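Working notes, beginning with the structure itself.
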Amino acid sequence: MAAPRALAAARRAVAAATRGRRSAGTGGAPRGPAERSRLYEHVREGLSAKPQLDMAALSAHPAEAARELERRKGALRGSELREILQTWARLEEVRAGIARLEAEKEEVALAVHALVTTHSKDTLHAVPEYTALRERGRAVRLQLRELLAEEAALDERFYLHALQLPNSTHPAAPVGDESQARVLEVVGEKPAFDFQPKGHLELGEELDIIRQRRLSHISGHRSYYLCGAGALLQHALVHFVLAKLVPKGFLPMTVPDLLRGAVFEGCGMQLNTTPSPVYCIDPARFEDLCLAGTSEVGIAGYFMDHAVRLQDMPIKIVCSSTCYRAETDTGREPWGLYRVHQFTKVEMFGVTAAESGAESEMMLDEFLMLQKEIFSELGLHYRVLDMPTQELGLPAYRKFDIEAWMPGRGKYGEISSTSNCTDYQSRRLNIMYSDGAGKLHHAHTVNGTACAVPRLLIALLECNQQADGSVCIPPALQPFVGQDVIKRPPAPLLRYIGPNQPGGGPKGVTCSLLNSRETLK
């Protein structure tokens, strides 16, 4: 065991020296987004196992892999795949050379030891074989030093690019952008109204259950309050979904909202895009902590660097959490609950074996069935979509979206998705399972939205509105809310008296903001 530990220590020392030279050569300037991987840094610091990417599959069929890469929506193209494969091939050659030199180094050491034990110290240096062995040992160490330095540089170059590779794609997935999504099923009927239906924000404001106006100075844009029946509906949705999933074998879990960037990248989320879709905490105070946009990241982190027994699989997790998303496309849906920075979501997450290769596909079908069951019991009209290649992101092998009809918006809107990530996340996060013989294999992971509260509130409020402005609560939620209809209150709870109103501020108030006209913020 001493030799492997010594080799690992030598590799760490060489990698540190290489980083030091690079930093000195750039004046210590921070590395650009394309030159950084938090997951690779995490591994290099010894905090996690090195990602075991399936390069053999890519190397076996490089032309098909390049074509598939072009069909995915990502940062890499076919020419970059060739560079990655070339780097990998050279890295394998260098590692084989290191192994040979390490073996030769061990042989030289054993031969020197044999001479030392059979000759006196005074006569040892006169033995020609001893001198030759010492010279050979020095030459081997020099070659090792050079190869270890090359290995460190190749290793970093390889992972910085290879970690941006997407998963393989299910052969039945449509090719193209979102316009190529295939409608698999349409469930229910569109609600019919004998009046002009309102949008959810107008309904919510009139019912005094949603507040989104005049919040820029309080919580920023795309924020909102739910109160009264609105808050009860949120809790009702969460409780309704948990009550359905826990008896079906799901393990309830709570997760941290703040997680290391390495876990995000291991899940296939890119933090270094500009602008970043992820909120990152001030690195001057909290190094490498980000707010999760889904509990999928936290659950995956729970399994990171751990193994599960085959007999305990599959494992199904359900988690309700607060999700934080930067929503960088500020021009889309600036008002309402469709695109917000913070919301509550119930997530399903599965870890399966890969004995037959079909386990994760079966779980994907199960998650989709559960989503349909939930939305049907809520009385929604929705359609199921098989998502095309450019909508799969990096980790998904196949993905199904469900879109519900939203009368106020006059179109369907996404309310859930479910994805089979096969071994993409487990190879990066070292999520394993042990078979009957105790051998470790990479698990498969599946995730799916059970309930994204704001999107469901939109569909429920808009589809169940009445001519008088009231909203009927679906029977499935009535036991959790305690009422069957949300009615307009006789008067709103609050009356705005601040300075930013058309008539100026309240009487007697003198403020430089009186001339401001941010009445809708």
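Placement of Cβ uses the backbone N, Cα and C atoms for every residue, glycine included.
TrEMBL assigns the feature region 'Disordered' to one of the listed ranges (13-36, 61-84, 493-516), namely 13-36. Cβ neighbours within 10 Å of GLU347 (L-serine binding site), excluding its own Cβ and spanning all shown chains: 25.
Other Cβ atoms within 10 Å of the Cβ of GLU327 (ATP binding site) number 17 in total over all chains. Residues near HIS341 (ATP binding site) in space but far in sequence (CB under 8 A, at least 6 apart, same chain), listed by position: GLY220, HIS221, ARG222, SER223, TYR324, ARG325, ALA326, GLU327. In this structure the alpha carbons, written CA, of SER417 (ATP binding site) and ASN447 (L-serine binding site) are 8 Å apart. GLU347 (L-serine binding site) sits 12 Å from ILE415 (ATP binding site), taking the Cα positions as reference. Ranking the recorded positions THR294, ILE415, SER417, ASN447, THR449 by C-beta neighbours within 10 Å puts ASN447 at the top.
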